[in-house]
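Trainee: Pulled these from Swiss-Prot:
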- ASP146: active site, proton donor/acceptor (ACT_SITE)
- ASN8, GLU382: Mg(2+) binding site (BINDING)
- LYS15, HIS206, LEU207, GLY208, ASN209, GLY210, ASP280, MET281, ARG282, GLY328, VAL329, GLY330, GLU331, ASN332: ATP binding site (BINDING)
- ARG89: substrate binding site (BINDING)
- HIS178: site 'Transition state stabilizer' (SITE)
- ARG239: site 'Transition state stabilizer' (SITE)
Amino acid sequence: MPVVLVVNSGSSSFKYQLIEMDTESVLASGLVERIGEPTGSTRHKAGGDSWERELPIADHTAGFQAMLDAFAEHGPSLEEEPPVAVGHRVVHGGDVFVEPTVVTDDVKADIDDLSALAPLHNPGALQGIAAAQTAFPDVPHVAVFDTAFHQTLPAEAYTYAIDRELAAAHRIRRYGFHGTSHKFVSEAAARLLGKPLEETRIIVLHLGNGASAAAVQGGRSIDTSMGLTPLEGLVMGTRSGDIDPAILFHLARHTDLGLDDLETLLNRRSGLLGLTGLGDMRDVQRAAADGDEAAQTALGVYRHRIRHYVGAYAAQLGGVDAVVFTAGVGENNPLVRRRSLAGLEFMGIGIDDDRNELISSEARFVSPEGSPVAVLVIPTDEELEIARQSLAATAG
């Protein structure tokens, strides 16, 4: 009964899941947060029960010790069934890492070197890896990169039309993100369609507070909406998605906004929040239903951008077998699904209202029976995908 511990570490917190790989079931999960603050906290779930504790957590090493204490006190026992691998989510692997990689000192050095591309994410992942290696010194650790799935993009998809020497010197290209989710969902879609993965043409819409689209041909990503950073592409909760870059020059010249201010504007004060003052899709929909014109416009912009990418990716794929919705908004918001695909019937893409309104946590069809293009809702499971990749990377 091999078990894998999956860790998603940030600068001041980390989440974990212990997954039994024969049945792919979650044995335990938890959260350690407020690391480095006067009062930290842990939350541990196992066997249908949950326990919380407040305590000082000086650093990630202390956080992992608190996690080990929770396992020892509440189970399951890691001494009786130690993990065969520890899988770590790492946001940015650049063009260095194209697959899950067993962690070595050289790998950690490369991840650190890539922190310039992900300053908010990679350093926290490294802290988590170091602490986890202290906690589990005899277990292989595997780094699974959000960007790796998109390393199959062709040059015409990942290249920006700027000075090529400048781009090369600063590693400027499209990397894409949410790759672990896009991989998990596209493979699940092939199984649901009953087709070999190599024969599928799938558009995945990962719609959460962060959002991205991907065109997946034969199980390989050939295009994706996020770029050098997770800022490009679809409209998101607080991020702008695609804009004319000259907007930044205009604002720099005509306001007192500096470089950091502009970065904050696009990442944290734009998207649905910037358009409406509301960052949650459900709140925006309620406001729109109550007649708020700004909210109605925001929903229109959100849907317009999704349709833009669906059409573009259908062209890149040369046809579509399935459009798949996943992540928090994509899985749980029937109105977003219906309105985002409205008007695409000429492409064979449509929604069955009864299927679409069904509340379910299962993977399912929401398109009409016999539709030329399947529309699917598939709950993503990035932790399980990390566990699968970690186990595969350490096998043999």
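Glycine is treated like the rest: Cβ placed from N, Cα and C.
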Trainee: Fewest neighbouring Cβ atoms within 10 Å: which of the recorded positions LYS15, ARG89, HIS178, ARG239, ARG282?
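Mentor: Least crowded of the recorded positions LYS15, ARG89, HIS178, ARG239, ARG282, by Cβ count within 10 Å, is ARG282.
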Trainee: Select the most exposed residue of ASN8, ASN209, where exposure means the fewest other Cβ atoms within 10 Å, treating these as the binding-site residues.
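Mentor: It is ASN209 that, of the binding-site residues ASN8, ASN209, has the fewest other Cβ atoms within 10 Å.
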Trainee: Greatest CA-CA distance (Å) over the residues LYS15, HIS206, LEU207, GLY208, ASN209, GLY210, ASP280, MET281, ARG282, GLY328, VAL329, GLY330, GLU331, ASN332 that the record ties to ATP?
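Mentor: That value is 25 Å for the farthest Cα pair.
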Trainee: Which residue among the recorded positions ASP146, GLU331, GLU382 has the fewest other Cβ atoms within 10 Å of its Cβ, if you could check?
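Mentor: Per-residue Cβ counts within 10 Å for the recorded positions ASP146, GLU331, GLU382 bottom out at GLU331.
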Trainee: How would DSSP class VAL329 (ATP binding site) in three states?
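Mentor: Assignment for VAL329 (ATP binding site) reads helix.
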Trainee: Of the recorded positions listed here (ASP146, ARG239, GLU382), which is spatially closest to LYS15 (ATP binding site) when Cα positions are compared?
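Mentor: If we rank ASP146, ARG239, GLU382 by Cα distance to LYS15 (ATP binding site), first place goes to GLU382.
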Trainee: Quick one: give me the count of other CB atoms within 10 A of the CB of ASP280 (ATP binding site).
Mentor: 15
Trainee: Quick one, of the binding-site residues LEU207, VAL329, which Cβ has the fewest other Cβ within 10 Å?
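Mentor: It is VAL329 that, of the binding-site residues LEU207, VAL329, has the fewest other Cβ atoms within 10 Å.
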Trainee: To the nearest whole angstrom, state the Cα distance for the pair VAL329 (ATP binding site) and HIS178 (site 'Transition state stabilizer').
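Mentor: It is 15 Å, counting Cα to Cα.
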Trainee: Measure from the CA atom of ASN8 (Mg(2+) binding site) to the CA atom of ASN209 (ATP binding site) and give the result in Å, rounded to a whole number.
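Mentor: Distance between the two Cα atoms comes out at 17 Å.
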